[in-house]
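Report on one structure; see the data block that follows.
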Amino acid sequence: MQRSLALTAVVCARTARALLQRPAPLRHSVKMASTTTLYDPTPFYAAAQPPETKDFCMQQTMVRVKDPATSLKFYIETLGFQLVMFRDFPQWGFSVYFVAHGLTGPVPADEDARWDFCMRTPGCIELTWNHGSEKSDGAVYNTGNADATGTKDGEAVKGGFGHLGITVPDVYEACERFKKLGCTFTKTPNSGGMKGLAFVKDPDGYLIEVLPQGPMITKPLDCDGVAAEGGDGYKDNSKA
């Protein structure tokens with residue numbers, strides 16, 4: 001009996017040591033430095049919503065695209081969005097395509113019903129195609145991130161628009177898939193100063209941030225083979 005208890009104690013001790021030695025996923029938070037010089041927005045957490053706005057919906061953000069076929073393929077087949085609605089305006093020379101994630105039901109077949117459904121779907125991206133832009137050489141639109149396209153003097157500028165963003169269950173797995181699909185990265189999960197998030201470019205060069213649906217977890221290697229302790233420092237995408 002005593003020998004059995006002794007063996008059990010040895011096994012438990014070894015198991016405990018193994019658990020302590022097992023490397024745990026590295027979790028970290030991206031936090032702002034504490035300082036009294038920053039603006040404090042916390043009172044707005046408790047701010048009452050004006051009753052007149054209770055049914056408002058953050059429905060869309062619009063970006064102009066050079067070629068709708070290329071952009072729709074990227075947003076739908078690479079990022080997993082769904083086409084919610086499109087409309088052509090030949091009299092004004094443009095078309096719009098609304099894409100979104102997390103639809104509450106099937107897209108209606110009726111055009112008017114489809115419009116109503118789209119206008120109630122939060123978080124849409126409106127891809128706007130100005131007819132004929134697909135025939136232009138090179139980049140057509142300034143993405144807002146140190147991009148000389150469209151500037152009067154041809155010099156890189158600091159734009160106001162930054163990026164679109166998606167969240168995924170696992171940033172590292174998503175980026176492995178994006179790499180296989182040929183996406184262009186400006187930041188892989190372990191590169192740069194902030195770990196566990198990534199940036200890819202859409203066909204027009206707009207940045208898409210890839211964030212986790214939970215804690216910021218760092219893995220030893222990312223899709224580009226960058227180690228968690230490696231990478232460069234923080235980079236501001238709005239600067240050249």
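Glycine too: its Cβ is placed from the backbone N, Cα and C atoms.
Per TrEMBL, Zn(2+) is bound by Gln60, His163, Glu209; the candidate from Glu126, Glu134 named for the same site is Glu126. In the three-state DSSP classification, Glu126 (Zn(2+) binding site) falls within a strand. Listed in sequence order, the residues of the same chain lying 6 or more apart from Glu209 (active site, proton donor/acceptor) and placing their CB within less than 8 Å of its CB are His163, Leu164, Gly165, Ile166, Leu197, Ala198, Phe199.
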